[in-house]
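Colleague: Below are the features listed in Swiss-Prot for this protein:
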{"type": "BINDING", "residues": "64-65, 138-139, ARG149, ARG166, ASP168, LEU176, 179-184, GLN238", "note": "NAD(+) binding site"}
{"type": "ACT_SITE", "residues": "ASP64", "note": "active site, proton acceptor"}
Amino acid sequence: MKTLKHALIVYKVGNPQAEKTAHDIQHWFYNKNVTSNLFSSDIPESQLKQSLVHTQVAIILGGDGTFLSISRNLIEKQIPVLGINFGQVGFLVEIHPENWPQMLEQLYSHKLVLQKKIVLSWSIIRHNQVIKNGFAINDVVVGRGALARVLAVDVSINKHHIGVIRSDGILVSTPLGTSGYTISAHGPLVHPDVQALTLTSVSTLFRSTPPLVLPLSTTITLTPSPHAIEPFLTVDGQEGFVLKPNDSVGIQGIKSGLLIYTTANYSYLQHLQKKGLLSSTDFNL
């Protein structure tokens, strides 16, 4: 990154501590001759995107939900993100609130590490036309409607027909996202440095298709049964779209979609241990 001149600051709406820290950060930037735009996380998407013209880095203060909702809007312009944790879990957000001054000093002096994370590009296809598309940082799910007992989804990988899977839904995830819904659905936990996508069926009626780890270059097409009752596409557990009969969802991976600043000593496996996703019992061998 060139000399930092323009920053974006977004704090979790309704969190007074995050709001106060956001204003402190804006003052810190002012003393460094860095201009900054400051918003709460409920800013309209169109207004947020208008503010990105000169943005070189985004500081997001909140939990994983705030991080996901704001970061999705930064993917297209490849704006790096630094997350400060004001949430309950904070799996995606590394920095503790008390450490923000040291982290910004490291950011300003180019001492943080910029990691490139895989994201998903998804599109809803209707009558051979893309009618909606976007990005996902964690995962996309084609799931059953509220009134449906089970959903039949036709699955194709690189135009090769895999078959029809009957389940509560089909979950496609990035490596970063496998630590969330994917492992809860008994899918694989994949290190984020692995160039791959995963496909997991949720509560499968007949366990005929195991969780799959697929090359990043894979194109996945999911087509719900035309008789399905309001099948639903969910993006990062935050955005939802009702699918009509004969709609298909196309999903691909993007190698360097999300740029995240981390500390030089960051360890993914250690992070998993801290969050309780990797544990062991001490005993004498």
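A Cβ is built for glycine as well, from the same backbone N, Cα and C atoms used for every other residue.
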Colleague: Suppose we draw a 10 Å sphere around the Cβ of ARG149 (NAD(+) binding site). How many other Cβ atoms does it contain, all chains included?
Modeller: 9
Colleague: Which one of these binding-site residues has the most other Cβ atoms within 10 Å of its own Cβ: ASN138, SER179, GLN238?
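Modeller: Ranked by Cβ atoms within 10 Å, first place goes to ASN138.
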